[in-house]
4 protein chains.
Amino acid sequence: MSAQIKVAVLGAAGRMGSEAVKAVTDAADMELVASLGRGDDLQQIIDAGATHIVDLSVPASTEQNVRFAIEHGLHAVVGTTGWSDERRAALEALLAEHPENGVLIAPNFALGSVLASAFAATAAKYFESVEIIELHHPNKVDAPSGTAVRTAELIAKSREAAGVAPSPDATETQLDGARGAEVDGIHVHSVRLRGLVAHQEVLLGGPGEQLTLRHDSYDRASFMPGVLLGLRTVASRPGLTYGLDGYLELGQ
Amino acid sequence: MSAQIKVAVLGAAGRMGSEAVKAVTDAADMELVASLGRGDDLQQIIDAGATHIVDLSVPASTEQNVRFAIEHGLHAVVGTTGWSDERRAALEALLAEHPENGVLIAPNFALGSVLASAFAATAAKYFESVEIIELHHPNKVDAPSGTAVRTAELIAKSREAAGVAPSPDATETQLDGARGAEVDGIHVHSVRLRGLVAHQEVLLGGPGEQLTLRHDSYDRASFMPGVLLGLRTVASRPGLTYGLDGYLELGQ
Amino acid sequence: MSAQIKVAVLGAAGRMGSEAVKAVTDAADMELVASLGRGDDLQQIIDAGATHIVDLSVPASTEQNVRFAIEHGLHAVVGTTGWSDERRAALEALLAEHPENGVLIAPNFALGSVLASAFAATAAKYFESVEIIELHHPNKVDAPSGTAVRTAELIAKSREAAGVAPSPDATETQLDGARGAEVDGIHVHSVRLRGLVAHQEVLLGGPGEQLTLRHDSYDRASFMPGVLLGLRTVASRPGLTYGLDGYLELGQ
Amino acid sequence: MSAQIKVAVLGAAGRMGSEAVKAVTDAADMELVASLGRGDDLQQIIDAGATHIVDLSVPASTEQNVRFAIEHGLHAVVGTTGWSDERRAALEALLAEHPENGVLIAPNFALGSVLASAFAATAAKYFESVEIIELHHPNKVDAPSGTAVRTAELIAKSREAAGVAPSPDATETQLDGARGAEVDGIHVHSVRLRGLVAHQEVLLGGPGEQLTLRHDSYDRASFMPGVLLGLRTVASRPGLTYGLDGYLELGQ
């Protein structure tokens, strides 16, 4: 098929990169034309005829990789961290000179997690109470998880914009820590348990009813449907999109 | 406050109606100006200076009530069943002559349930697998519940529009009924258990991840935030809106 | 039936007491012979031919009620609080003189809650990790709940007796409170949410697996099966039993 | 330590066997003295000084392996399937001649799963309603799962012994399959979802309350704590024990 997406994977030897190599290879509407690791010459991407890159390399090289892609007329889907405000501003300036090119930078490619956060922010306007429980393996060094903090921030922003009062709470005496941490006024509880991977529940309550949004992440494979969705969409979205939710149809 | 919503409740002696009387009375931005039961003269609504009606009466009188309200320049929020396609078409014709008036007819006022169904339809486009479990008290005579059937239909429609393949299923041998009922190709399981009220889970699965949307309904009180939201919104939405989701901001 | 259980309910006008009156009346193998409220003459119990009392009165009168029952050869099922160590010791001394009589004092009559706590203590010996999440309505003034504290204490005792190491936890940096409260080394998280009643989850984790024990309490009616079980069992258990778990067959 | 458990793993090249080799090697109180694959000479077990065998081979060789172990005074922990009633009877006859030797044959080594089944059978006596939901990956060919069928049988037996009535169910009209399969009168629902591994929920309901027992199995690693528990216990339990629950302290 002439319209096929020709993909070069950068950071192909890493854990995410090797999953992406597999996923692109298995996708019927894509062709894997190049796999680059650390130190490989970027010119290979052009020689192989790529139309898209997936950058899953390291913070030190991601900016150079993406600029190279844009300057050669390619679209880019980026999962590497390290995109500070400055880097993103510089990238947008470059994209202004290449108005046909699209770039997606996504801190999270798990569709279920991105959807759950978006749904939580939407629903939080309509309920009196909201709290977050995140559950992870016991080797995690920080609590709460970054995803839980971002979800709480989104929820708080959504409730503030809608003028919703803080969640009711009559607690007078508590054992230290019982009511969890507070992130922008939202209570967040962190469970650590052997056997778990990465899980999150947003609990919303109103008179006589409860809505629970739960996401379970078992495996790095969960990121690949999001990477493929990014590759299929990025050419039709010129400029920079930050966050996979920008590509999802969240209304009805 | 002059801009206050002046509400007449019709069907005020019923179970839903008496909850609505309480809820309207307690709402700071509303005034309950009339409560009508079976056989009461509708003229009372006008005499009391109502700007809105809430119709929670019976199928036999709801059409007459709503037409009366529109003809007198009032807005209407309607929870009574029995609005066939014919009735709704006739109502829309009447509303065409009263372009300032709004009517909301909602088969379900529980915000959590309406949101859960909408989220399920949105998310179902992005996952390989989806199934529904509904759980109710053991006195329920039908299975699956009406809400589960409607949720399955919404999901099936959303997946079909997006070109999503049927959920994978390698089952070769099954004990009769083990895989549940099928509604438009979506598997639905009905649990009946003493102690429960009305609960529903939509389970969505992709490689390495799961998204679960659960709604628990414990009490009729859960319908009142939706009724109040309807009353606060209906004046700004001329014409007929069918379903409370039409009033919710579901995108971001 | 001559062997029928003839029951006098004390504290019959209270919330629990009135439920008990209904439950005893509805039980085919029991007969409600007397219902006493505050200040009623205890002699009515004897005159009515009661064989058992259910005491759901107040701390100030429960001791006197139970002693009266024993001295007249009756069995007693007691849900009233206020049974200090001293009172229980005095009661056991009295029971030593009445070796045929049985008394059950139960701080919790909800079978599901009692079973969940017992199962949690049993299972906690076999898992690396254990944490508790309790969820209640937002009008509750203390956190964690008394049930969660008792469950944590039972779990800690069971793990200590079996020589199980503390749950693994690599947390280095946490937002204050994120990891919950600690009760005897067990992490306990308290969620407060409009719409909820009283709920508890014990989460147990080992390599590659998780066991979750969840109890939902929706209604005071949940105590009645435990009260009836107590009435049916107490005559065959002379002496004092503390805790409904003493009457449950927990092994196989 | 002289009292150390010296273990020979049979079927060491298989998926379970290789996990067992790792688990025994890592256990401080055990020594791996031999690892045998298909066709290896059983005499190696004796020459290596083993005191225990773990048999995770194939149905065709397990009986011979276990008989060899007993005849040489060793204890055996067996996870291989294929132990028919006849084979077990023959094994018990052999053990009668070797009264010091212990054998554990376990169809399931996941502690959480074994505990959940045992708890379900115990609790089912005390609740009006009980149903089972099992959830697996969509490549599973049979429904319900074997574990769900066995759990339902245990529950049915426990309820029958206690004289509990069937779960109430007022269903009059149902879409075919909605109420699930029936195993000995217990309703069982089978969910198949991409991303899942093996999960089971037993739901128990009474007036105003619910008890839920959920087991999640993510990984074959979950069997190893059960295998090690078997090895540590088998020498103190002469004769044949069938099922890991025989080694668990299930009461308090």
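Heads up, the Cβ atoms here are built off N, Cα and C, so glycines get one too.
All annotation found in TrEMBL is predicted automatically rather than curated by experts.
The annotation domain 'Dihydrodipicolinate reductase N-terminal' is assigned in TrEMBL to C:5-109.
Summarising the annotation, TrEMBL assigns NAD(+) binding site to C:Gly11, C:Ala12, C:Ala13, C:Gly14, C:Arg15, C:Met16, C:Gly79, C:Thr80, C:Thr81, C:Ala106, C:Pro107, C:Asn108, C:Phe109. The Cβ of C:Gly11 (NAD(+) binding site) has 24 other Cβ atoms within 10 Å, all protein chains considered.
The domain 'Dihydrodipicolinate reductase C-terminal' annotation in TrEMBL covers C:113-246.
Per TrEMBL, active site, proton donor/acceptor is recorded for C:His136. In this structure, C:His136 (active site, proton donor/acceptor) is part of a beta strand by DSSP. If you draw a 10 Å sphere around the CB of C:His136 (active site, proton donor/acceptor), it holds 23 other CB atoms from the protein chains shown.
Residues or ranges marked as (S)-2,3,4,5-tetrahydrodipicolinate binding site by TrEMBL: C:His137, C:Gly146, C:Thr147. Counting Cβ atoms from all protein chains shown, C:His137 ((S)-2,3,4,5-tetrahydrodipicolinate binding site) has 17 others lying within 10 Å of its own Cβ.
Taking Cβ-Cβ distances under 8 Å and a sequence separation of 6 or more, the neighbours of C:Lys140 (active site, proton donor) in its chain are C:Arg192. The annotation active site, proton donor is assigned in TrEMBL to C:Lys140.
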Rounded Cα distance, in Å, between C:His137 ((S)-2,3,4,5-tetrahydrodipicolinate binding site) and C:Arg15 (NAD(+) binding site) is 19
Lowest 10 Å Cβ neighbour count of the binding-site residues C:Thr81, C:Thr147 is held by C:Thr81
Rounding to whole Å, the Cα atoms of C:Pro107 (NAD(+) binding site) and C:Thr147 ((S)-2,3,4,5-tetrahydrodipicolinate binding site) are apart by 10
If you count the other CB atoms within 10 A of the CB of C:Gly146 ((S)-2,3,4,5-tetrahydrodipicolinate binding site), including all protein chains displayed, you should get 11
For C:Phe109 (NAD(+) binding site) and C:Gly146 ((S)-2,3,4,5-tetrahydrodipicolinate binding site), the CA-to-CA distance in whole Å is 14
Within 10 angstroms of the C-beta of C:Arg15 (NAD(+) binding site), the count of other C-beta atoms across all shown chains comes to 10
CA pair C:Thr81 (NAD(+) binding site) / C:Gly146 ((S)-2,3,4,5-tetrahydrodipicolinate binding site), Å rounded to integer, equals 13
What DSSP gives for C:Phe109 (NAD(+) binding site), in three states, is coil
